[in-house]
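*Asks:* Below you will find the structure I want to go over with you.
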Amino acid sequence: QDGLKQCLADFRQQLAWVERLDVTLGPVADPVFQSASTSDAVDPENDFQREMSFYRQAQAAVLEALPRLRKLQVPTRRPDDYFAEMAKSDQQMQKIRQKLKSKQEAMERSEKAKQLRAMRKYGKKVQVEVLQRRQKEKKNMLNAVKKYQKGLSDKLDFLDEEQTSSQGNKKGNASQRTKKGPNAKRRYKNQKFGFGGKKKGSKWNTKESFNDVSSFQSKVAHNKSLGKGGRGGKGAKKVLNKRPGKRARQKMKNRAR
């Protein structure tokens, strides 16, 4: 024990910190989890966790030592002609980069899955609300019908609402049709051949046409001058003096007897 104490006294030197530059700190707090990752929580077989632990610990040392060096007026920036090889190979750095990239992609997929789940929950909630509202409206309608049948109510409100809504839809459709007008093909034909006017209902009688008897002809009306083709002329006399048929003549003979 005395020998160990003697060796420890030999190792210990009362030198300034700028001569020793020793910084012993734990890893800096992780901004994601808001806590300092301990050495027990790091899996030594996990390359990503091990490298991140080294990185956090070096970051904490830099945050502690850099202000002290500036206070002692020690230059901390690397000279322009400084050259040093990296301690880690390019393969190791590429492996770390791929690990970080895969972790970022996994986080993005997890976030998208969360958003999809939230959207499904919201859609299901809206669907349930719509079904509940429809069931409530149906229940109110049945209650209103029962009250009307029992004589407790003299009107059905939902029928009035449906009628007003249907009238509003008809008006909206009519206004849309009037605003829309004929299509391009119809407009082209109207421009080329002209518009013949209203066809439907053109032969209907009106009050004025019913009272107007100026074009009335009694001979035509009583079939006095009808000839061939329904017109007065040479065929009218032939139609009136036409000889009856054989069956008609036989009947006339039987009547005479």
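Note that Cβ sites are derived from N, Cα and C of the backbone, with glycine treated the same way.
According to TrEMBL, the record shows the following:
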| type | residues | note |
| --- | --- | --- |
| COILED | 86-113 | coiled coil |
| COMPBIAS | 164-176 | compositional bias 'Polar residues' |
| COMPBIAS | 177-190 | compositional bias 'Basic residues' |
| COMPBIAS | 211-220 | compositional bias 'Polar residues' |
| COMPBIAS | 234-257 | compositional bias 'Basic residues' |
| REGION | 158-257 | region 'Disordered' |
*Asks:* Below 8 angstroms Cβ to Cβ, which residues of this chain, lying six or more residues outside the coiled coil (86-113), approach it?
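*Replies:* Hits for the coiled coil (86-113): 47-48, 51.
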*Asks:* Where DSSP helix means H, G or I and strand means E or B, what are the helix, strand and coil counts for the compositional bias 'Polar residues' (211-220)?
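*Replies:* Secondary-structure composition of the compositional bias 'Polar residues' (211-220): 4 helix, 0 strand, 6 coil.
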